[in-house]
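A.B. asks: There's a structure below that I have some questions on.
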Amino acid sequence: MASVVLRNPSSKRLVPFSSQIYSRCGASVTSSYSISHSIGGDDLSSSTFGTSSFWRSMATFTRNKPHVNVGTIGHVDHGKTTLTAAITKVLAEEGKAKAIAFDEIDKAPEEKKRGITIATAHVEYETAKRHYAHVDCPGHADYVKNMITGAAQMDGGILVVSGPDGPMPQTKEHILLARQVGVPSLVCFLNKVDVVDDPELLELVEMELRELLSFYKFPGDDIPIIRGSALSALQGTNDEIGRQAILKLMDAVDEYIPDPVRVLDKPFLMPIEDVFSIQGRGTVATGRIEQGVIKVGEEVEILGLREGGVPLKSTVTGVEMFKKILDNGQAGDNVGLLLRGLKREDIQRGMVIAKPGSCKTYKKFEAEIYVLTKDEGGRHTAFFSNYRPQFYLRTADITGKVELPENVKMVMPGDNVTAVFELIMPVPLETGQRFALREGGRTVGAGVVSKVMT
């Protein structure tokens, strides 16, 4: 998945949580949200989707603005989903979005029952400057794993904090996770300001928020913090803290979150997020393209999570994004690829679709890791050789074991160490690839592959 470590070129030590990390490494880590919202999950079982005319009947996607992936993160009930719905409503009035109701974003039965977001939901909208894909990340502690899959594809994040409550436990965890999975920039929305009577309280909350951002190595003093009420914007009341605040927020997102650099000149590679079967047409794999370009008619290989490491072969017969047809998909796009000759059960989340011959799979690799401290949300105690955490590599979530060097008996929280890691199944790996280690529902370490082995 991701890393918060960087090799200092002037030393052999890994530098954790450095402010230089993302400017040097970039945020190329890819892991995707549940794209069923984008590809039309409800449509997948419909007869219209299964007809041969479906792909031809969709509108064509026009690529006339930079495409940027953003998302809302923050504590449960602080208003992330309300803000997402409010953004689409306000921009729809400007002719730059389709308004999506709160219930459409929060649409899983268990979400409505519990009033929280579980699967990462997805909407699209435009500003005068950009085209945005927006992920609404869950805030409930039980679903941090889903938050990771949403956050890792963001080019920038919108951190939502309730004015009356201030930063809460999941606020802190989401800021930490945003740092770990490589979200390069954050903009903050201080929500529910209409229910705060004392303006000094908002000043204190803003001060606390800036200190928290600085603690996790974001530029807390510089990050724009927009005050407003997502509910007022959604209901069309109190224009100043409602509609105007949303427009001000989108201006801040346009200006503060830099245009992402897309890797278009490398061979095509897309980690699979989800898989659907379309009767009479084939299998659709969804995900965010990590690098390169894919065109209709091109041959691809599907690698990873297969014993023996032999790749599957297929041809891409359709490329789709936001229910619109693309002639080609390129790095940064969240797409569905229609694959010829494959069954739904042949492929799974965590595999990678790549240009034939451009990618190899490995079980064993050497990596440099930074072990998070207790204060950073990591382990309280040391670990030893044969420690078996979960490895998050792109969209794969796979068990593996740690083999420490002979001269290292144990690794303490806060340590940097070079070790050998062995996964239970092969996955595509390359030098410089970042990943996270998780155990018991928390991130305990992050690293970068230094050498692939077998």
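Using N, Cα and C of the backbone, Cβ positions are placed for all residues, glycine too.
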A.B. asks: Which one of 191-194, 307-310, 315-318, 379-382 shows up in Swiss-Prot as region 'G4'?
C.D. replies: 191-194
A.B. asks: May I ask you to indicate which of 128-131, 136-139, 196-199 is given in Swiss-Prot as region 'G3'?
C.D. replies: 136-139
A.B. asks: Looking at 74-81, 106-113, 162-169, which one is region 'G1' according to Swiss-Prot?
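C.D. replies: It is 74-81 that Swiss-Prot annotates as region 'G1'.
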A.B. asks: Neighbour count, 10 Å Cβ-Cβ cut-off, for Lys80 (GTP binding site): what number do you get?
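C.D. replies: I count 29 other Cβ atoms within 10 Å of it.
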A.B. asks: Quick one: what's DSSP say for Lys80 (GTP binding site), helix, strand or coil?
C.D. replies: helix
A.B. asks: Suppose we draw a 10 Å sphere around the Cβ of Thr82 (phosphothreonine). How many other Cβ atoms does it contain, all chains included?
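C.D. replies: A 10 Å sphere around the Cβ of Thr82 (phosphothreonine) contains 23 other Cβ atoms.
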A.B. asks: By DSSP, what is the split of the region 'G4' (191-194) into helix, strand and coil residues?
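C.D. replies: Counts, helix then strand then coil: 2 helix, 1 strand, 1 coil.
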A.B. asks: Taking all residues of the region 'G3' (136-139) together, what is their mean pLDDT?
C.D. replies: 63
